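Visitor: Submitted below is the structure of interest, expressed as structure tokens.
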Amino acid sequence: MLKFIQNNREITALLAVVLLFVLPGFLDRQYLSVQTLTMVYSSAQILILLAMGATLVMLTRNIDVSVGSITGMCAVLLGMLLNAGYSLPVACVTTLLLGLLAGFFNGVLVAWLKIPAIVATLGTLGLYRGIMLLWTGGKWIEGLPAELKQLSAPLLFGVSAIGWLTIILVAFMAWLLAKTAFGRSFYATGDNLQGARQLGVRTEAIRIVAFSLNGCMAALAGIVFASQIGFIPNQTGTGLEMKAIAACVLGGISLLGGSGAIIGAVLGAWFLTQIDSVLVLLRIPAWWNDFIAGLVLLAVLVFDGRLRCALERNLRRQKYARFMTPPPSVKPASSGKKREAA
């Protein structure tokens, strides 16, 4: 049972999402509706995109804490370009290129300059946040064109154009990691770096690609953010990096690298977003959101750690069982010997 849970973390994450959807339905029947699902999905799109990017980085046994700042910086660039009169396609492509460049810079620091990922991305977190504030002067960007907001307007089955794009990206990333040699290279790099090199995997290039795609996903999340709310505050993206990492951990992405799946990260992002909707249903103040999300994350980490220790004990027991000599069995004295002694 323990091995099944460890090897199928996506199933346990799915069960958690289903339970969190069904149980509040006993309090309010209207909660069990397609409208609720589309509402939660719309709110979860930003975190889903960030979780997909974070998955690539975490699979290579790295971590990126600058994605929130990249999201904010890219959202600001999008708003500035649109207000300067550039067309929406040009502004979006430029924004994605900026995110790709920011992620590439993170990858160079980690893969080529050998700076620990947490240290490098802590530095770029401040750098990108500073660039964002320098561009805006600490002010909000408002007056965005209506065509940007149309990207998040319901298009088909209550899902927006960006929502359908997110679904396509999830399916593509899941296929890429599971079915292609390129995708398996991310797992090999995080599981055994030296072994991957001996197999011919270009581990430095894989890590740079992981950080670059992570930055691109953060830029796309910035576009989604701007299209959903219609303006860009000066604190856009703050704290999103921690939520993205939490979503990945909840979905079974290992902090030690080399294991996990995109679907698990998506379910983790959905679960964290759904917590917010349940708190609204229960009329719990919004400032409890981070506390409860953190509590859930800690519980999952403790459970994951205990599960890992239990599995390691079982593996050791199975490995050394054949070397352990059974205790000598004591045979009862025969009845004949008992009579002779008498």
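Placement of Cβ uses the backbone N, Cα and C atoms for every residue, glycine included.
Since the structure is predicted, the reported quantities are computational estimates derived from the model, not experimental observations.
The following feature annotations were taken from Swiss-Prot:
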type	residues	note
TOPO_DOM	1-13	topological domain 'Periplasmic'
TRANSMEM	14-34	transmembrane segment
TOPO_DOM	35-38	topological domain 'Cytoplasmic'
TRANSMEM	39-59	transmembrane segment
TOPO_DOM	60-69	topological domain 'Periplasmic'
TRANSMEM	70-90	transmembrane segment
TRANSMEM	93-113	transmembrane segment
TRANSMEM	115-135	transmembrane segment
TOPO_DOM	136-154	topological domain 'Cytoplasmic'
TRANSMEM	155-175	transmembrane segment
TOPO_DOM	176-212	topological domain 'Periplasmic'
TRANSMEM	213-233	transmembrane segment
TOPO_DOM	234-251	topological domain 'Cytoplasmic'
TRANSMEM	252-272	transmembrane segment
TOPO_DOM	273-283	topological domain 'Periplasmic'
TRANSMEM	284-304	transmembrane segment
TOPO_DOM	305-342	topological domain 'Cytoplasmic'
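Tell me about the surroundings of these features in the structure.
Guide: Sequence-remote contacts of a segment are chain residues at least 6 beyond its ends whose Cβ falls under 8 Å from one of its Cβ atoms, and for the topological domain 'Cytoplasmic' (35-38) they are 21, 154, 157-159, 277.
Only residues 6 or more beyond the boundaries of the topological domain 'Periplasmic' (60-69), in the same chain, are considered here, and those with a CB under 8 A from a CB of the stretch are 50, 53-54, 102-103, 106, 110, 117-118, 121-122, 124-129, 132, 186, 189-190, 193, 203, 206-207, 210-211, 214-215, 217-218, 221, 237-242, 244-245, 255-258.
If you look at the transmembrane segment (70-90), the same-chain residues 6 or more away from its ends with a CB under 8 A from one of its CBs are 46, 50, 96, 98-99, 102-103, 128-129, 131-132, 135-136, 141, 143-145, 147-148, 215, 218-219, 221-223, 225-226, 231-232, 235-238, 240.
If you look at the transmembrane segment (93-113), the same-chain residues 6 or more away from its ends with a CB under 8 A from one of its CBs are 53, 62, 64, 66, 70, 73-75, 77-78, 81, 86, 120-121, 123-124, 128, 203-205, 207-220, 222-223.
Per DSSP, the topological domain 'Cytoplasmic' (136-154) is made up of 8 helix, 2 strand, 9 coil.
Residues of the same chain lying 6 or more positions beyond the ends of the transmembrane segment (155-175) and with a Cβ under 8 Å from any Cβ of it are 34-35, 38, 41-42, 45, 48-49, 52, 55, 223-224, 227, 261-263, 266.
Restricting the average to the topological domain 'Periplasmic' (176-212) gives a pLDDT of 91.
Sequence-distant contacts of the transmembrane segment (213-233), counting only residues of its own chain at least 6 positions beyond either end whose CB sits under 8 Å from a CB of the stretch, comprise 42, 45-46, 49-50, 52-54, 56-57, 64, 67-68, 70-76, 78-79, 92, 95-96, 98-104, 106, 136, 140-144, 148-152, 162, 166, 240.
Within its own chain, the topological domain 'Cytoplasmic' (234-251) is flanked in space by residues 9-10, 13, 16, 46-48, 50-51, 53-55, 58, 63-73, 75-76, 125, 132-133, 136, 138-140, 218, 221-222, 225, 260-261, 263-269, 271-272, 290, 293-294, 296-297, 300-301, 304, which lie at least six positions past its ends and keep a Cβ under 8 Å from the stretch.
Look at the topological domain 'Periplasmic' (273-283): DSSP puts its residues at 9 helix, 0 strand, 2 coil.
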Visitor: Quick one: find which recorded stretch in 14-34, 39-59, 115-135 has the most Cβ pairs under 8 Å with the transmembrane segment (252-272).
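Guide: Of the candidates 14-34, 39-59, 115-135, 39-59 scores highest.
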Visitor: Count up the helix, strand and coil residues in the topological domain 'Periplasmic' (176-212) according to DSSP, in that order.
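Guide: Per-class counts: 31 helix, 0 strand, 6 coil.
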